[in-house]
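See structure below.
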Amino acid sequence: MLEKHRVLDSAPEYVDKKKYLWILSTLWPATPMIGIWLANETGWGIFYGLVLLVWYGALPLLDAMFGEDFNNPPEEVVPKLEKERYYRVLTYLTVPMHYAALIVSAWWVGTQPMSWLEIGALALSLGIVNGLALNTGHELGHKKETFDRWMAKIVLAVVGYGHFFIEHNKGHHRDVATPMDPATSRMGESIYKFSIREIPGAFIRAWGLEEQRLSRRGQSVWSFDNEILQPMIITVILYAVLLALFGPKMLVFLPIQMAFGWWQLTSANYIEHYGLLRQKMEDGRYEHQKPHHSWNSNHIVSNLVLFHLQRHSDHHAHPTRSYQSLRDFPGLPALPTGYPGAFLMAMIPQWFRSVMDPKVVDWAGGDLNKIQIDDSMRETYLKKFGTSSAGHSSSTSAVAS
């Protein structure tokens with residue numbers, strides 16, 4: 001143990017220049033409350049949609065202005081960096097911030113005169129930041145400590161997506177970039193078509209995985225040890241209390257913010273592995289996932305409000321590695337912008353495809369066999385990109401089935 005400490009202490013001096021900027025990820029959930037304050041002070045209801053304006057407008061512009069950060073912590077300092085408590089505390093503090101955003105917004109809707117348009121704008125704004133509660137849960141849920149894992153469940157309950165805890169860790173990380181993964185999108189598949197199989201597919205896979213785990217322990221899937229039911233119960237209690245306190249408007253407000261929160265995860269899943277495919281080996285199994293099976297983004301500003309989620313390639317290579325330690329690698333497939341801009345592009349399928357499809361084909365070296373392609377778009381792509389895949393349509397058929 002002493003020798004291990006000597007190794008850590010001898011690591012070269014490293015200064016994380018973004019150390020205190022990560023506070024932006026913790027403060028981001030406060031944005032709807034800032035919008036409420038501005039709307040109240042100015043009388044301009046447009047501020048209820050502040051998060052929409054910042055997320056889909058300001059952040060893509062800031063990403064374009066400030067560009068990318070390719071700096072990595074030296075590998076030898078990563079163990080020491082992982083142990084620095086400050087970074088973990090920021091994720092803990094983010095959990096009550098999400099609850100504050102939900103409760104304050106619900107209180108305002110339930111007690112103040114607002115038009116339905118204003119209520120809708122605030123619900124969508126809250127949906128964006130609470131969709132990113134999934135990102136907070138993602139960071140905490142990959143940790144081994146019981147406290148962290150419970151914090152993940154608690155924050156996932158805010159947006160009613162408790163099954164993410166099981167689905168992402170045990171399902172997506174196992175099946176990513178294969179046809180078995182409902183959370184991997186296919187080239188040519190619009191985000192709207194993707195959502196129809198991704199949202200129910202994620203729940204079905206998560207429930208099946210948890211049922212198998214409990215069965216091996218001789219327990220019913222309806223046991224309180226079910227890690228999907230635990231956050232679901234918190235959600236039901238939380239929403240029931242908000243309904244009792246703030247009235248029937250919650251019957252509209254809460255489902256809208258929840259649905260748009262789910263849409264944020266769908267958007268992330270859609271862009272993170274679009275078209276990418278792990279190849280089958282001779283034994284019929286898929287190759288081990290590698291960093292190049294995820295789309296990466298080093299855009300500075302959006303990474304600072306997302307706990308480095310956009311360094312997704314290293315995350316899949318090292319799932320338990322904390323956000324401050326995630327690295328970039330040369331030659332990784334890269335998104336043209338950060339997640340906010342990519343989410344916006346994804347909602348306009350023609351725009352997204354015009355930018356991303358050539359990138360996917362380039363990633364595959366021009367071989368369409370190495371790409372997950374939506375079955376309805378295969379002939380279109382064969383005509384558009386041609387190349388060596390024309391005689392091997394069986395691979396793409398399997399991909400899209």
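Please read every residue number as a count from 1 along the shown chain.
The backbone N, Cα and C atoms fix where each Cβ goes, glycine too.
So that you can see what the record holds, here are the features copied from Swiss-Prot:
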{"type": "BINDING", "residues": "His138, His142, His168, His172", "note": "Fe cation 1 binding site"}
{"type": "BINDING", "residues": "His173, His312, His315, His316", "note": "Fe cation 2 binding site"}
{"type": "TOPO_DOM", "residues": "1-20", "note": "topological domain 'Cytoplasmic'"}
{"type": "TOPO_DOM", "residues": "63-88", "note": "topological domain 'Cytoplasmic'"}
{"type": "TOPO_DOM", "residues": "135-228", "note": "topological domain 'Cytoplasmic'"}
{"type": "TOPO_DOM", "residues": "271-401", "note": "topological domain 'Cytoplasmic'"}
{"type": "TRANSMEM", "residues": "21-39", "note": "transmembrane segment"}
{"type": "TRANSMEM", "residues": "42-62", "note": "transmembrane segment"}
{"type": "TRANSMEM", "residues": "89-111", "note": "transmembrane segment"}
{"type": "TRANSMEM", "residues": "114-134", "note": "transmembrane segment"}
{"type": "TRANSMEM", "residues": "229-249", "note": "transmembrane segment"}
{"type": "TRANSMEM", "residues": "251-270", "note": "transmembrane segment"}
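Where Swiss-Prot records a feature, it is marked here on the structure.
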{"residue": "His138", "record": "Fe cation 1 binding site", "Cβ contacts under 8 Å, 6 or more apart": "Ala152, Phe164, His168, Leu309"}
{"residue": "His142", "record": "Fe cation 1 binding site", "Cβ contacts under 8 Å, 6 or more apart": "Asn169, Pro319, Thr320"}
{"residue": "His172", "record": "Fe cation 1 binding site", "Cβ contacts under 8 Å, 6 or more apart": "Asp181, Ala183, Ala202, Asn269"}
{"residue": "His173", "record": "Fe cation 2 binding site", "Cβ contacts under 8 Å, 6 or more apart": "Gln289, His316, Pro319"}
{"residue": "His312", "record": "Fe cation 2 binding site", "Cβ contacts under 8 Å, 6 or more apart": "Glu272, Ser294, Trp295, Asn296, Ser297"}
{"residue": "His315", "record": "Fe cation 2 binding site", "Cβ contacts under 8 Å, 6 or more apart": "Ser294, Leu309, Arg321, Leu326"}
Subject >> DSSP-assigned states of the topological domain 'Cytoplasmic' (135-228) in counts, ordered helix, strand, coil >> reply: 59 helix, 1 strand, 34 coil
Original post:
In the same chain, which residue numbers or ranges, 6 or more beyond the ends of the transmembrane segment (251-270), come under 8 angstroms Cβ to Cβ?
Top reply: 102, 105-106, 109, 119-120, 122-124, 126-128, 130-135, 158-161, 164, 172, 183-185, 191, 194-195, 198-199, 239, 242-243, 309, 339, 342-343, 346-347
**OP:** Could you break down the residues of the topological domain 'Cytoplasmic' (271-401) into DSSP helix, strand and coil, giving a count for each?
**Re:** 69 helix, 8 strand, 54 coil
**OP:** Measure the Cβ-based neighbour count of His316 (Fe cation 2 binding site), defined as the other Cβ atoms within 10 Å of its Cβ.
**Re:** 20
Original post:
Over the topological domain 'Cytoplasmic' (271-401), what is the model's average pLDDT?
Top reply: 89
Original post:
Over all shown protein chains, what is the count of other CB atoms within 10 A of the CB belonging to His168 (Fe cation 1 binding site)?
Top reply: 22
Original post:
Mind checking which residues reach the topological domain 'Cytoplasmic' (63-88)? Cβ under 8 Å, same chain, six or more beyond either end.
Top reply: 8, 11-12, 14, 16-19, 22, 148, 297-303, 321-325, 327-328, 337-338, 340-341
